[in-house]
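Peer 1: There's a structure below that I have some questions on.
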Amino acid sequence: NALNTSNWEMHFTTEPMTTIITLALMMKMAAAPFHFWLPEVSQGTTTMTTLMILTWQKIAPLTILLNTNNKINTSLILSCATLSIILGGLGGLNQTQLRKLMAFSSIAHTGWILATLKMAPNISLLTFVIYIMTTTPIFLTMNTTTSTTMKDIGTAWPSSPALMLLLSTTILSMGGLPPMTGFMPKWLILNKMISTNMTIEATLMALTSLLSLYVYMRLMY
């Protein structure tokens, strides 16, 4: 149907088939519980290749999900979203390798993107765009300073203070601290979820995001 009408639509009438396709797209986006491949792959490649995997690779599956969101099971998407935020935050706590740490950060952000995919796809798209805008400078800085571990970030301050200051600001934005850009999509997502009687899920996501914020703060100090 995409070839004929330029629209992606799921014509499967059976719930299992739609669920299988959705789960396959979740695996492509590295959403929990199908995220296990991403940290290891990210660690085994170069910095710029990891950037492509964490950003560009998500465009195609997200586009399909955005165009077929009316067919997606709400409980399935919310479960994957919440689990991604939790495991993304927990997974990054004991990491010292930057690429692997950013992979867990990507998993957590994927959860935020998926959270409103069914009820407010425009917010999900905005979240994804801001995620790319904040992730790209971090990886470009890592590539410029040839940093691969958290220790390398600390030793790069004397040689590139301006670049490190930019990195710190971008990291705060990824953490969702106001008035940084990264705060806006998270506030919109939580506001939308609360307005649709998903207060418990919104509270869990907000509390779990503190784990990711702690990870980002470790990068700065």
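Cβ coordinates are placed from backbone N, Cα and C, and glycine is handled just like the others.
Automatic, uncurated: that is what TrEMBL annotation is.
Feature annotation from TrEMBL assigns domain 'NADH:quinone oxidoreductase/Mrp antiporter transmembrane' to 17-211. What TrEMBL lists as transmembrane segment is 20-38, 72-93, 123-140, 160-177, 198-217.
Where in this structure would I find these features, and how exposed are they?
Peer 2: Proximity of distant same-chain residues to the transmembrane segment (20-38), defined by a Cβ-Cβ separation under 8 Å and at least 6 residues beyond the stretch ends, is recorded for 10, 12, 53-54, 57-58, 60-62, 64-65, 72-73, 76-77, 80-81, 83-84, 86-88, 103, 106-107, 110-111, 114.
Nonlocal intrachain contacts for the transmembrane segment (72-93), taken as residues 6+ away from its ends with a CB within less than 8 angstroms of a stretch CB, comprise 15, 18-19, 22-23, 26, 31-33, 35, 39, 65, 101, 104-115, 117-119, 198, 201, 204-205, 208-212, 214-215.
Beyond its flanks by at least six residues, the transmembrane segment (160-177) meets 105, 109, 134-135, 137-138, 141, 144-145, 153, 183, 186, 209, 212-213, 216-217, 219-220 of its own chain at Cβ-Cβ distances under 8 Å.
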